[in-house]
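Colleague: Mind looking over this structure? Questions follow.
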Amino acid sequence: MASSLYSFLLALSIVYIFVAPTHSTSRTALNHHHEPKVAGFQIMLEHVDSGKNLTKFELLERAVERGSRRLQRLEAMLNGPSGVETPVYAGDGEYLMNLSIGTPAQPFSAIMDTGSDLIWTQCQPCTQCFNQSTPIFNPQGSSSFSTLPCSSQLCQALQSPTCSNNSCQYTYGYGDGSETQGSMGTETLTFGSVSIPNITFGCGENNQGFGQGNGAGLVGMGRGPLSLPSQLDVTKFSYCMTPIGSSTSSTLLLGSLANSVTAGSPNTTLIQSSQIPTFYYITLNGLSVGSTPLPIDPSVFKLNSNNGTGGIIIDSGTTLTYFADNAYQAVRQAFISQMNLSVVNGSSSGFDLCFQMPSDQSNLQIPTFVMHFDGGDLVLPSENYFISPSNGLICLAMGSSSQGMSIFGNIQQQNLLVVYDTGNSVVSFLSAQCGAS
């Protein structure tokens, strides 16, 4: 039923654009019953390694390595020193969206990132730009481009904006030395046949430390005013991620198409941090392995409102799920106790806990893994938490976070329709065959 529902939604044609109202610059403003800029549309997502001649082992190895770097970036966001001149953001990710910019429309691909807000792409003239597969955008060649004045509310929404000749300037650092700098502007973005004018974005003229061939920029999907959902005035979006190595695309729905999705159980309450309002914090009460509830203090998963530590975020760009160390150790020990298999070293593949597969794999018994959310229990299929990076090994797709924050990663979200409803402060999960026609 869930699969057919999702397939029906994917078959819907692109809908018409409504007249765009004056856009809001905060989630508070979104609650003032503004009409959204668009009725709704669908975006196809490609895994960053899609189409490359890589084995399943190589795909997993690369994804885990990227996820580890992203974890470091996310932790840097929590632990950056006060008064830092360059704000630190998550960046990077696992899924690319194809879109176009300007008039005439110029296609490019960009990382979808639920851990940051800014939309940006490389622009001419470049002081320093990395290689990309499409021509670098030249704003002077677009009739719909405008610079963003320093007095703009969205310029002031930047953490550390600067001003040059009344043109808003930005700098975004990503925790690992990579950084994008440039000027802010407004432009028409096109998704398929849907064109949306006056979207504020960063025109990156100095982009250092990227150069991995993963798109020409980034589309922030976070909770801040600069993100794509916020600028579209939509309070609901959903995605359905196909497994790593799948030949089919994943899908992102925004606006009314996401509104059409019947939210399933379980669900979880969204919490917003005053320290890092970009992140989607969710409400997790506990974990079980097999029939055993794990002895984890529920406070481990609670966001500390005083200093922004702790809590658990749901994130599209982190590969594995990471738990605060004491919670992860409880999960790890429970699987060791219940798997009845020999533990082997999987660190060369980026995994902390691996087991030797039995010679007769029909005898493999994997305990269930349950996440106890405040709105119900999410029982994950075993392929969402155990993967085989190489012949003879089966590894737990989870790890430990050293800074106390937990992250619900994208391997655990594969073949789930994940619906973000910021208007009602809830995330819902519905089992689906993502990418099915």
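A Cβ is built for glycine as well, from the same backbone N, Cα and C atoms used for every other residue.
Below are the features listed in TrEMBL for this protein:
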type: ACT_SITE; residues: D113; note: active site
type: ACT_SITE; residues: D315; note: active site
type: DOMAIN; residues: 95-430; note: domain 'Peptidase A1'
type: SIGNAL; residues: 1-24; note: signal peptide
Colleague: Have a look around D113 (active site) and count the other CB atoms within 10 A of its CB, chains all included.
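Modeller: There are 28 such Cβ atoms around D113 (active site).
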Colleague: Would you mind checking how many other C-beta atoms are within 10 angstroms of the C-beta on D315 (active site)?
Modeller: 27
Colleague: Mean pLDDT for the domain 'Peptidase A1' (95-430), rounded to an integer?
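Modeller: That stretch averages a pLDDT of 91.
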Colleague: Roughly how many angstrom lie between the C-alpha atoms of D315 (active site) and D113 (active site)?
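Modeller: The separation of the Cα atoms works out to 8 Å.
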